[in-house]
Amino acid sequence: MRSHTGLRALVAPGYPLLLLCLLAATRPDPAEGDPTDPTFTSLPVREEMMAKYSNLSLKSCNISVTEKSNVSVEENVILEKPSHVELKCVYTATKDLNSMNVTWKKDDEPLETTDGFNTTKMGNTLTSQYRFIVFNSKQLGKYSCVFGEKELRGTFNIHVPKAHGKKKSLIAYVGDSTVLKCVCQDCLPLNWTWYMGNETAQVPIDAHSNEKYIINGSHANETRLKIKHLLEEDGGSYWCRATFQLGESEERNELVVLSFLVPLKPFLAILAEVILLVALILLCEVYTHKKKNDPDAGKEFEQIEQLKSDDSNGIENNVPRYRKTDSADQ
Amino acid sequence: MTKITRVSLASPPDGGWGWMIVAGCFLVTICTRAVTRCISIFFVEFQTYFAQDYSQTAWIHSIVDCMTMLCAPLGSVVSNQLSCQAGIMLGGLLASTGFILGSFATSLKHLYLSLGVLTGLGFALCYSPAIAMVGKYFSRRKALAYGIAMSGSGIGTFILAPVVQLLIEQFSWRGALLILGGFVLNLCVCGALMRPITLKEDRSVPEKNHNRKSQREDCKQASPYSPLTKECTETRLCCSLQQEYGFLLMSDFVVLAVSVLFMAYGCSPLFVYLVPYALSVGVSHHQAAFLMSILGVIDIVGNITFGWLTDRRCLKNYRYVCYLFAVALDGLCYLCLPMLQTFPLLVPFSCTFGYFDGAYVTLIPVVTAEIVGTTSLSSALGVVYFLHAVPYLVSPPIAGWLVDTTGSYTAAFLLCGFAMVFSSVLLGFARIVKRMKRTQVPFPVKASDPKLQLWTNGSVAYSVARELDQKDEKPLPKARSGCNLT
């Protein structure tokens, strides 16, 4: 990438002063540059490029590698839009560092140019820094700094932000409506799109032509897909795709559509159990009362008879006991 | 219809069918209090489905809680007029209907009405009658019985929370509400368990009751079309209301009511603000959640152990003191809370507060029963829980406002702490005043007036009788004795 001079040298990672010096010292490649005065023509283009890249943000990440660490130490670098990236590996050793060398690799392929690499030794630490600009999706991937023959490495995984949906499947009922949500935390995608189907065959969902689907989101970092009048066939996988300047990321949401009979069965089971228990307990109560009243035979039972006879016949019996306060109601 | 289907017993059985009543009340507490707390698990689902924010959905929980407490007197009235069994079964049916209708809801307003109002009303019809029933069946082991019964809310929350989560994952919120409605139908089973019981105390004042009862009998025998009916129903209503709500005029009860207002004001914000406070002083999310779990579990332990403790002979006569001690300790914990800023300090706080929170919850029905007696216990509990409603509603928002304006939790916690300490101080003060009044009464013994002597004889006889009665732990309600003395 950086093996060309000339205009493409301007694209190289930015120490703008260094570039100016290089430009002043070298002649641009006539095959690529303008035939007229090279400094004159390259300046505005260079300025344009520098203007384009000067307001990019800088993302720096560090990894510390020691002799005792695992074979590979990983760090995630999340990029949404083109920016300067500075990756730093710090190797700490107890032994002599003179024989130690460091190489940088992208996806296990060594990076050839040494531009943008900066290696310093201080005491017993070896620091290697790699600075470059990421401006398209081809530059995303795994960048590793490899130390020595033992291949101790630290890996930077550069990727676009991941979208998050619901991990468990969403349950809904036939005839109901449901909302599928995808969120991207701390990031602002340019666009969201929804797809239906499995990984191999994805059908985009068009909310404008179909009344069944409504896509909206209250903030730019989330999107909601509302599906109305659900049918059992609507169950399946739904994918939400977030588009960034540097690429895309997608997430899967699973939807299961049930009929209303499914929860009705446990409900009816509980209802049957309740009716059974209530009947059992009330019967038990009546039985216990009958048992208790029967052996008592005397006082209360006779009184019931007397009361009844009093009411019905009006015959004056010799009632030794009047209505007891047993007839206590609340 | 013969009324002689009642089981008439001389004294509370303290066992036997009483344990089934405790089991029934335990299940009632699970189905009402624990289910109310688990409704908040549905909020995330409601927010996503109805596209509303948290404050709109949180109204459902407030409405249910409010209705359960506000309509508690209605619950006691219904169960007094019909019967405890019928009242609780009706409550169970209403609550279940609320859940079932909620599962078909198409907007949040439907949920307010079905899940909020209807279910809350159903719970109110169940809660205080069930608790009153436990008091009728126990006297010696009353506190332990109440402890076991009230521990249902803690244990129920513990068990139901993951179960509700599982139901929502399997069936989504509609199916989960339907199944929860079926679960709540078990309140009908609890209702069936509540066999009525008449106690010696109900027949202890036969003269007074007999007049009213004979009036009632006359009224019932009168045909519906006779002119006597209107008079009868009015006097009947008056008499029964006077009999059931006479305790409202007792000074003891008024003091208890005021102290309950302050105590309810103080106790509710902690469950809302402990986690935010812990997060604000630097405790991690996991540790804050652990604090809440400790609070819940120790609450259950406090319920049962404190109930068992206050049933011991040495403490039995001092239940009132134990109650105000538990409330005072909770208040003191609150006052210390702003000074506890690290996790190792907050854990013992959670343990202490949770233990005494469970303790005084167990003792509220016991203390109420001591003051009003078991006949009016149902109505009195209705009133006591009614008095919980407004502070429960008002206290968390006030605490939130204090936190927002002062920028720290200190003011809110101090206010709650002072409210609870004031509540217990009020009770202690009232008890001291009563003691002083009672010790002053024998002084007129020295007068030679025969009438006074009769009075004093009566008072001495009364106090002797009270000592004897304390074995059964059922002194005559003080309203009547108050009338005799003054």
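Including glycine, each Cβ sits where the backbone N, Cα and C put it.
Keep in mind that this is a model prediction, so the values were computed, not measured.
According to TrEMBL, the compositional bias 'Basic and acidic residues' annotation covers B:204-220. The domain 'Major facilitator superfamily (MFS) profile' annotation in TrEMBL covers B:17-435. Annotated region 'Disordered' per TrEMBL: B:204-223, in sequence order. The transmembrane segment feature in TrEMBL is assigned to B:16-35, B:86-105, B:111-132, B:144-168, B:174-194, B:253-276, B:288-309, B:321-340, B:346-368, B:380-403, B:409-430.
For the transmembrane segment (B:346-368), the partner stretch with the most Cβ pairs below 8 Å, chosen from B:86-105, B:111-132, B:144-168, B:288-309, B:380-403, is B:288-309. Same-chain residues lying 6+ beyond the ends of the transmembrane segment (B:16-35) with a Cβ under 8 Å from its Cβ atoms: 68, 88, 92, 95, 123, 126-127, 130-131, 133-134, 137-138, 145, 148-157, 159-160, 180, 183-184, 186-187, 189-191, 193-195. Among residues of the same chain six or more beyond the transmembrane segment (B:321-340), those with a C-beta under 8 A of the stretch's C-beta atoms are 259, 263, 266-267, 270, 277, 306, 309-310, 315, 346, 349, 352-353, 356-357, 359-360, 363-364, 366-367, 408-410, 413-414, 416-425, 427-428, 431. Using a cut-off of 8 Å between Cβ atoms, the transmembrane segment (B:86-105) and the transmembrane segment (B:380-403) share fewer than three residue pairs, counting only pairs 6 or more apart in sequence. Residues 247, 288-289, 291-292, 295, 327, 330-331, 334, 350, 353, 357, 360, 364, 367-368, 371-372, 380, 383-384, 387-388, 390-392, 394-396, 399-400, 403, 409, 412-413, 416-417, 419-420, 422-424, 426-427, 430 of the same chain sit 6 or more residues outside the transmembrane segment (B:253-276) yet have a Cβ under 8 Å from a Cβ within it. Here the domain 'Major facilitator superfamily (MFS) profile' (B:17-435) returns a mean pLDDT of 85 for the predicted model.
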